[in-house]
Every structure is written in C-alpha cells, then in structure tokens.
Amino acid sequence: MSTDKEKLLYVEHCKGLNGLEKVVLREVRGSSVEVYLFGGQVTSWKNEYGEELLFVSSKANFKPPKAIRGGIPICFPQFATHGSLEQHGFARNRHWSVDPDPPPFPKNTSNKAFIDLILRPSEEDVKIWPHRYEFRLRVTLGPGGDLMLTSRIRNTNSDGKSFTFTFAYHTYFYVSDISEVRIEGLETLDYLDNLKDKERFTEQGDAITFESEVDKVYLSTPTKIAILDHERKRTFVLRKDGLPDAVVWNPWDKKAKAMPDIGDEEYKHMICVEAACVEKPITLKPGEEWRGRQELSAVPSSYCSGQLDPLKVMQSS
Ligand code: TA6
C-alpha cells in the first residue's frame, strides 16, 4: 500500500459536526478514535468491533466556545474553579492546530495512527491568564486499540516569569449501567469531597460503587486504576504518568436534570475517572516543560487492577 493511502488509513482529516475540523485515527484491526481540533478533544474511541467506549451526551453542543459534553475534555490551566478563570480553564474552549513541528517519537514505537496538536495563547487569552506557553497534545491509537494522550506544556514566557497550573484529562467512560460499575485501585486513599466543601476523607470501601452523586479528588493514587463494567463484562484500565491524582465524578439524576447538555437519564451510562494534577499544582520556569500521559485500554471484565494478569485473562478459555 502506498504511503499516501496508508497514511489515509491511519490518519484522516475531515469535517465533523457543524463543520468543525476533525481527525479520525484508524488501526488495521478496526479500532478508531476521533479528535476535534476544537478543544483538542477526543470525542470517540471505538474498539475493533466498532463499540463506542467513551460517553458523549446526545445533547452535547458542538458549537464553540461551549465545551463538548463528553469524550476527553482537557482541563488547563486549571482544574475546577479558582479566581477569574472559567471552570476547568480554557484549553477545551479553544481551537487547536495541527502541530507542524511535533516532538520526535521514541525510536521503538511502530505507532502510525496518531495526531499532534498544539495550542498557544491568543492575545485575548494572555489578558485573562498573563502567560505564554506551548501546549502540545499527542493522541495515539495503538495497534491493539489502546488510546494514549500525551500532553507537553512548556513555559515560553519572555518576561522571566514562572507559571503554576493544575490539569486533568476529564475522561467520560461509557458504561452499561452506573449502578453496575466498580472502580478498583482507589481503596484506602485520601480524597477531597467536592460535595462537602472539599473536606478531606479516607476511602473505606474495598472498591468504589455508585448509588448517588459522586465528585471526589483522590490524592496520590497508584498509576493504574480499573473501571469494571459488570454488565458488559468489560474493564477499562487507566494508566497515568505525571498525574498523581484521580477525579471520580457522576452527577446522578438531580444534577443531570440541571445540566442543559446532558440527557436526564444519561448519567446512568457515564463515569468520569480523570487522571489529574490537582492537590499539588505544577510550576514551570521559562523554558521548562511538563509532561502528563494517560493510556486507556479495555480488557475482558475478569481482570481487576493488579489481581489478574490481563494477558492470562485474554488467553484463558
Ligand atoms: O470533574 C468533576 C467536575 O469538576 C464536577 O464538579 C463537575 O463540575 C464536572 O467537573 C463537569 O464540569 P463542566 O464544567 O464540564 O460542566
């Protein structure tokens, strides 16, 4: 296959909803990913059977500048709300560009389905957050259907000033039924409860299950978290690097009803588990660069974080 045709197979630039620019990544076994340049936001991740693994609300706006409800919104330069910046910062509300000069891939990777995007502040942005930066985002669909996001944020201030930020990949996983979902890997950890004035508690249970609204920032978590969808016999495995915390959120019925861009019953089919850096903000001096990665995979459901080797599960009858 010629390199042009091959490239088209792996990476296709096209128009999405409302004519917004979109990139489709495809792998030979049939898995795919969609990334909108608006927000630098992944809005679809399908396995080789064409099953959608991320949640995007049926009422999501694909009309800038409002963020798209679902997929993987990027929260930068802040997670949540502090001072004058809007909730979750503004990276998810901006138009990103394809990066003409991406950082080199590590030599040993054979990944072909990837896109490099870049975001720099506009003069308007500098007025609301007085710093200059280069935010490079690489979205990669691996040969086995895994989805990797790598963020590289460099301080390019020429005034010698450092800047400090918090960050999250606000990932919305699609689940069959939230009441059948269990999260493993966060047991016994401390968390800040956003429903109780960010008070600090310690998680007691042996796995996290859901019966009502949850909005917690788990602190200094393991690098691997498992999200088990019992009904669908599917486990999502989230691996993260450079992102010590993890946010777990489901709005439940009352909050969902109050949100215009999510269906009243849709909370039953989503769980946000967000690789994040919240408790200890990151500070960069001019010229310094921070890197934060998350890698998502979906494996058969009997795999639990660290208890069973997914390869053994895959080979078992
Ligand atoms: O990640 C949890 C959270 O901070 C919740 O408090 C809720 O606000 C959610 O994010 C969605 O925020 P958004 O600004 O996207 O509506």
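Glycine is treated like the rest: Cβ placed from N, Cα and C.
So that you can see what the record holds, here are the features copied from TrEMBL:
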type     : residues      : note
ACT_SITE : H170          : active site
ACT_SITE : E274          : active site
BINDING  : R69, Q87, R92 : substrate binding site
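Among the recorded positions listed (R69, Q87, R92, H170), H170 has its Cα nearest to the Cα of E274 (active site). Here H170 (active site) is positioned 10 angstrom away from R69 (substrate binding site), judged by their C-alpha atoms. Less than 6 Å separates the Cβ from ligand 1 in the case of Q87, drawn from the binding-site residues R69, Q87, R92 in sequence order. Recorded residues Q87 (substrate binding site) and H170 (active site) have their alpha carbons 12 Å apart, per Cα-Cα distance. All protein chains considered, the CB of R92 (substrate binding site) has 24 other CB atoms within 10 Å.
Other than the site residues R69, Q87, R92, same-chain residues with C-beta atoms no more than 8 angstroms from the centre of those residues' C-beta atoms, the substrate site, are K66, A67, I68, P73, C75, H88, N93, H170.
Annotated pair R92 (substrate binding site) and H170 (active site), C-alpha to C-alpha distance, rounded: 10 Å. Sequence-distant neighbours of H170 (active site) (same chain, 6+ residues apart, CB-CB distance under 8 A): I72, P73, I74, C75, H88, R92, V247, C272, E274. For the substrate site, whose binding residues are given in the record as R69, Q87, R92, the maximum C-alpha distance rounds to 14 Å. Around the Cβ of R69 (substrate binding site), 22 further Cβ atoms fall within 10 Å across all displayed protein chains. A strand conformation is recorded for E274 (active site) in the three-state DSSP classification. Secondary structure at Q87 (substrate binding site), as computed by DSSP, is coil.
In the structure as shown, the Cβ atom of E274 (active site) sits within 10 Å of 26 other Cβ atoms.
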